[in-house]
Amino acid sequence: MLVAAKRAVRGSAFLLLVEFLALVAAEPCSTDGLVRLADGLTANEGRVEICLDGEWGTICDHHWGSSEASIVCQQLGLPAEHADAIYRYGGGSGLIHYAGFRCNGMETQLSLCPADQRNSSTTQITNCQHLEDAGVRCTNVPCTENTVRLNEEVVQVCHDQQWGLLCAPRGIWDQNAVQVMCTQAGRPSTFPRSPSRRVFFYDAPVILNDITCNGTEDSIVECAQADYGSFTDCANIAVAHCEAQESCSEPNAIRLTRFSSDTMGRLEVCANGMWGTVCGNAATIALVRVACRQLNHAPGGSLFRESDFAFLLDGLVPIRRTNVVCAGNEDSLSECSFNGADGDPTCTHRDDVIIMCATQSECNEGDVRLVDGQTSTDGRVEVCLDGFWGSVCDDRWDSRDAQVVCRQLNFNGPSYPLLSFGAGQSSTIHLDDVHCNGSEERITECSHSGIGIHNCRAGTEEAGVICTNTTCEDGTVHLVGGDDVSRGRVEYCYQGAWYSVCASDWDDSGLEAQVICGSLGYRYESTVVNYDEGRGNSPILPFSISCSIGDSELDDCAKTALDTNQCPHVAVVDCEAICHTVGITDCEMCGSRERCGIVTTADGTPVCNCYSDCYDYGDCCSDLSNLDNCSIPECDDGAVRLVGGVTNSTGRLEVCANGLWGRVCNRFQYWGPDNARVVCRQLGFPTEDARVVEGELARMFGVSERAPLLGEVHCIGTETELLECSHTSIGRHLCGVTVVPPVPDIIITCSEICQPPCVNGMCNINTGNCDCSPGYTGISCDEDVRECEADNGGCDHICTNFPGGYNCSCRAGYNTDGTSCRDIDECGDGSHDCSQICVNTPGSYYCNCQRGFQLVGGTECEDVDECEALSPNGFCSQVCVKH
């Protein structure tokens, strides 16, 4: 039997090829055990395919010889007397059903012969590839004396009506000898060579040895020392590859070879009238786009090199192109820059380019889309080029680039660039160094480094955008982010969208703030607070605003172009209102200071209320006949209450001032047990358990919508009411709306909310019950949940309980990913101790040996002397040679 030392196939490329070939639908068959011949030159020869489980598949050539070939020919009713085991009919595309057969010649059909290994749902054939598919030639005619043939590139010579082999020691079997062999076999070659592989097992005698040719002989037997004989000690059987350089007529034409699909193969180019390969020393995905476009396929796909498919190296042609560099938009490979075969002397055929073109376009050329965003208006930018989607690197990505993308997507509002958005599924980067001037209609009109040319890392440097639509009238102003309508961040409508206003250049005169408040219906005192954080999502207005005396609208003020990256402060104003400016005439004075506040009822009607620093409520509305226009006191000044809890003994602390409830500020963390005891004492609760609630439990009470009234409270713990403690004036505090981060509310508890107290969990203030931590149960969360008692805790193998939880573990030979147990592939991770072949089994593995070896001690393999063990004469017809 002839078995070549096959080259290993790189894992990733082989898997891709398997997936590619799997696209070919399996061909059904009717009866298991039927055989047929495929891809032969005549009906009497071809690759052997056998029916198994209703599907045609191939047979690996392990132990494939004349006995097996004869049985196949007899089963098919074809001449079988001189049937040959042939290997030159190419690989199939379906399953490999059998690893090999061992026939004795007496069987009536191949399926009755002992099989080495059968493919099934539980046993996969992994030590054979389609390039090893077995074939036969069925004939009754013996060979003609001195004729030659190639059987899977192994040289065979006919002598005494049987085929024999040629022994070819290294250095003697050279290109001259191969040339003579190819010419005599009727396969003249302009590129003859001796493949760099060795044949170790064979079932034909060695009848020629040590020949020396000069290349002009007509027959191998004319070469020097070409005497027939019987040679039993041969270390190297002659092999030959015959290939004529195929001519071509169209300069710079390209084609794909070596695969059965017209969309995948080795890339070859026509140069100087001959086909040749392309070295991949400088190839990128841009080359794939150009080649696929030139071949009239969708201009996108994948790039490989010949070394990824090492078994394809048989059958080489000269290298014609090196250093090929494409931008990706060329129509032909000849438009890319390149050198000839001598451009890079380090190029070998292992660098030959192999490409796979996309079968169809998935999008329209030049389109853009936003993906992986929170809404349809934001996300990572992807552009359709060469028929498939790819991302944009964020190098040089700015607002003008974002503006073009949003315009192309039909958004009419402002746009904001996002950097490092994250990778898509394809992780293909189409464009880099995109630079738009902002007026382009499509992103492909902007300059860039070239399609597929980038220096970015997929997954960390993709560009994104936020797009908006017009939502306001240019020149209008509003305040956002404050605790009432008269306070907040200033936003100005520009080109249909809201922008924050830069306040870095505003001075202490307050003119801009007065203009803003006046245009909103407020007047008199206004203050500006500059701050760096909490800007919200709106961008900064691309010009600064400077107002003068006499300006009544912000739009009247002077405007100067601004670099938005150089604005550390945006404008926040507090418009202190005069009641009659909003149409409330019955609320005139607050003492003698002409200061009062306004509040808005649920239906939007404004009513007057004393401002927080007007302690005497009665002074606010002087016309007692119209008190209906004023707020009715809702509490007694100085009172305290706890709100938001399940009982009135726990909750957010509020204090009453000017007849209104308000928050108590905790700006400087003065609050402790002393303050809490005073609050509980004023409310009539015991003070032993009084405390301030903080952390996660405090956040369960939410945030008060009330305005802050009291701040910096400090008690010694013996006071009877909160206002007896030191504090700021009512309404004067450092907890205004512009404080970032917001000052938290004070949460007080005068008694334990949950009884009994929670041991392993948190007290839920909304229910008064304990929310247990995972793994615990019971009223006070003091009972362990025994997870393993219910369905083994969901574990595949072993469940181990411990207080507060459990874990899953696996038996020996498995590892776990949490609850499931996966078999450890000792053969794959190298932890086995097999000397040759390792076969994985569930939870374990066992060792096996290659042909010609037997297993010793369960792990080691020792050579078998077949010539002595197999009688007679090792099954050889003439001489048996042990290796």
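Glycine residues also receive a Cβ, built from the backbone N, Cα and C atoms like all the rest.
All annotation found in TrEMBL is predicted automatically rather than curated by experts.
If you go by TrEMBL, Cys406 shares a disulfide bond with Cys467, out of Cys347, Cys456, Cys467. According to DSSP, Cys467 (disulfide bond) is assigned to a strand segment. The helix, strand and coil residue counts that DSSP assigns across the domain 'SRCR' (35-139) are 16 helix, 36 strand, 53 coil. Among the disulfide-bonded residues Cys326, Cys547, Cys557, Cys715, the residue whose Cα lies closest in space to that of Cys436 (disulfide bond) is Cys326. The disulfide-bonded residues in question are Cys223, Cys326, and the one with the fewest Cβ neighbours inside 10 Å is Cys223. Other Cβ atoms within 10 Å of the Cβ of Cys547 (disulfide bond) number 21 in total over all chains. All chains included, 18 other C-beta atoms sit within 10 angstroms of the C-beta of Cys446 (disulfide bond). In the domain 'SRCR' (254-358), the DSSP tally of helix, strand and coil residues is 27 helix, 43 strand, 35 coil.
Remark: of the disulfide-bonded residues Cys113, Cys406, Cys436, the most isolated position is Cys113 (fewest other Cβ atoms within 10 Å of its Cβ). Cα of Cys326 (disulfide bond) to Cα of Cys446 (disulfide bond): a span of 19 Å.
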